[in-house]
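Below: the structure, in structure tokens.
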Amino acid sequence: MIGEVLRFILFHYCIFIQHRGMGGEFDNMIVVKNMSVSYNGVKAVKRVDIMVGRGEIHGLLGLNGAGKTTTIKCLVGLLKPDYVEELKVFGINVLSSIEYRDFIGYLPEYPSLPDYLTPREFLTYLAKIRHVKTKLKERIDYMLSLFGLDEVGDKIIVELSKGLKQRIALATVFLHEPRIVILDEPFIGLDPEGQMLVKRLLSEIINSGGAALISSHMLDTVERLCGKITIIHKGRTITSGSVKELKNGKTLEEAFFSIIGHA
Amino acid sequence: MRKIITILAFKLAQYYGPLRYSNYSKLLQVLLYFLMVTTSLFTAALTRLLLVQNENYILAVVVLSISIILLLGIYLGVKGGVMSLQSEIDFILVSNVKPRNYLLADLIFQLILLNSILTPSLLVFILIISRTTITNLINTIAMFELTILAAVMLSHVIGLRKSLENDRKVNYVAAALAIVFLFPVFLMAVDAVEFVDYTPLPQVILAKNMMGRGVVFDNLAVVVFFLCLLVIYYKTVNHLSSLVVVTPLLKTALVEVGGVKIVKIPSLLSIRVDESVLISGIKLHVIRIIRDRSILMVSLVALIFLMANMAFSNLMGDSGFSDLAVVTSTILYTAFIPAVLSINWGLFERDNLWVFQVVRDGIRRYAVSLMGSYFIVALLFSFILYVIAYIISGGTPFLVLDSLLAAAIPVFSSLSSVFFSFKLPRPGNVFSVSTLLHILMPMIVSVIFAFPVLVVRTSATLASEPPIPLVILLMAYLIGTAYVVYRRVIGVVVSSV
């Protein structure tokens, strides 16, 4: 137990020193360089490059099957790439260490939740394994209230609506105050109030020096929310840059199809 | 007719889909059949050897086999009766297919499916135990097929009636039928085996015909039983105007969860902020096991095992094996508990692993608490079953060794169940090969690991007064092996997800 605590402190101290020394390099909170991934025997990702800077909300766009979800799964450690030159989250190599997971919040495209637990039970357990030590009960109450779940906090999840389940899944993302959030289609099934809340929480993260990577099909939302965008097509990054640059005077939809068309 | 064949082909293609393209699935299927046939042969030969030539006992065992098939039909009926897959629910059940066409296709499908499971196990067992002659072979097989047909029809009738009428009323009828089918087992349990022969119940008559002991009355009774069943079946299907009301079976787990309400849990199980992550994790798994009603399934099977325990204890009373029958049955049952829990885990919980995968050390903590919860539930039932079985049978427990066994089997079955939960393909439905392997493998593994204790337990001289060094040696073996297996399982689980 003591060994574990010492190891934890030492690790975070090393990260702190390493990041201080790295200066500008660590401004890239997420780095993916030349990554290829096979999924179920099919080459889902052929060559993907993504850079997400500190204080940035980065949009990941692409048609169905472009490789967005596969890329995200590699970033959070759910899939292993066949080949990658560099894959770092929070300055930590994803393939050689799992400690970066303390700093990330992740939402999958179709989040599955434990049907037979209540949101309060689930979040409490998750907070414990997420090492949320201080004022755990207050934190859970706050998260339930923040996501409008206080009235259903003690109901079984299976009884709740799709939108409420999405809110629970989102609460798991922000529960441990992550520095980086990686969200795969976060707005599906979420009402305007929920969407507004997510946007506010994302703003708080980037204002505190964090970053966010969001995959979404909602081009208008991406346009309003994200500072930079990476477009993936048929498993390859075909362009990346600020929204303004990519739009080049057009709407994002026109620009997107124009870029995809030329790829 | 063409529509029926089309639906049947669709169902078969969907259900046996993995066999068409996966060599691994084919291998699993072959392995499973091999296990089923050899187990049946071994059990039948052993039972025949122990029961010697007592025809009443043999009849009672065949009746028990038929009761199992009919009870399976009732169980399927209570769970919904119609074996629909998700794709059928989405595309066929909402189409303009006539209900009777779909149901007929489903009836044939269930006949094929139940035959594929029951023929290599129960038919082989019945043929060996009843020493069926070549002349009686066709008769035995025909009666066996009729029994399966009756089970499928019962399943449909109960399932459809549940959709059409008052759910609770049909459940009561199903429970009453189950008691009727279990009645001969009750006679065996109270040591009144000779009365089984005189009980005019369908399963007894079918068993007598199967063994070639049926008289004209018995043949007539079989015809009347099936005519009644056909009339009820026809009337039920005719009542059905739409398939949408059907509760599909194959999308549910081992225990039906329909109309779930929050179950009040004891305050002992409520999660406390200041307790360790492991304790919280174990509590949460136990809460889920209570709420998803896996615990009901476990309790129900405990009741059946208890009756089987007593029945076999009585059947083998003269051969001096009654004590051993209690132990063996309890061991098998205890190993069965984590296996059943792991199937429901696979159906309800496996998809949620993403939550723990993205947390540092999340999967290890999750798996350890899962093992802990399986162990606690299995241990509890194991001791309860031992105590009740000994009180009823009046046997003398060998306290030290029985306690060791009662603790060892839950440990190894919990460890192996978690291992196979993560390593085996997810159970697609209650009858998939994977489901059966989820049940069989932990039972085999736990018996293998606890074998040294079992061997000592079977020796009456050693078991009555075990030398202290032997007990210490056995305990050291169990603790050491459990630790090694635990480390290995955790290593594999963490690296496999």
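Positions of Cβ are set from backbone N, Cα and C atoms, glycine also.
Where the annotation comes from TrEMBL, it is an automatic prediction and has not been curated.
The following features are taken from TrEMBL:
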{"type": "TRANSMEM", "residues": "B:30-51", "note": "transmembrane segment"}
{"type": "TRANSMEM", "residues": "B:57-78", "note": "transmembrane segment"}
{"type": "TRANSMEM", "residues": "B:107-129", "note": "transmembrane segment"}
{"type": "TRANSMEM", "residues": "B:141-160", "note": "transmembrane segment"}
{"type": "TRANSMEM", "residues": "B:172-190", "note": "transmembrane segment"}
{"type": "TRANSMEM", "residues": "B:210-234", "note": "transmembrane segment"}
{"type": "TRANSMEM", "residues": "B:294-312", "note": "transmembrane segment"}
{"type": "TRANSMEM", "residues": "B:324-347", "note": "transmembrane segment"}
{"type": "TRANSMEM", "residues": "B:368-392", "note": "transmembrane segment"}
{"type": "TRANSMEM", "residues": "B:404-424", "note": "transmembrane segment"}
{"type": "TRANSMEM", "residues": "B:436-456", "note": "transmembrane segment"}
{"type": "TRANSMEM", "residues": "B:468-486", "note": "transmembrane segment"}
Inset, instruction - Sort out the residues at least 6 away from either end of the transmembrane segment (B:436-456), same chain, that have Cβ-Cβ distances under 8 Å to it, and list them. - result: 28, 32, 35, 117, 327, 331-332, 334-336, 338-340, 342-343, 346, 401, 404-405, 408-409, 412-413, 416-417, 420-421, 424, 427, 462-463, 466, 470, 474, 477-478, 481, 485
Legend entry - CB contact flag for the transmembrane segment (B:210-234) and the transmembrane segment (B:141-160), at least three pairs under 8 A: yes
Legend entry - Leading contact stretch, B:107-129, B:141-160, B:172-190, B:404-424, B:468-486 vs the transmembrane segment (B:368-392) - CB distance under 8 Å: B:404-424
Inset, instruction - Could you tell me what the rest of the chain brings near the transmembrane segment (B:468-486), counting residues at least six beyond its ends with Cβ under 8 Å? - result: 371, 400-401, 404, 407-408, 411-412, 415-416, 449-450, 452-453, 456, 462
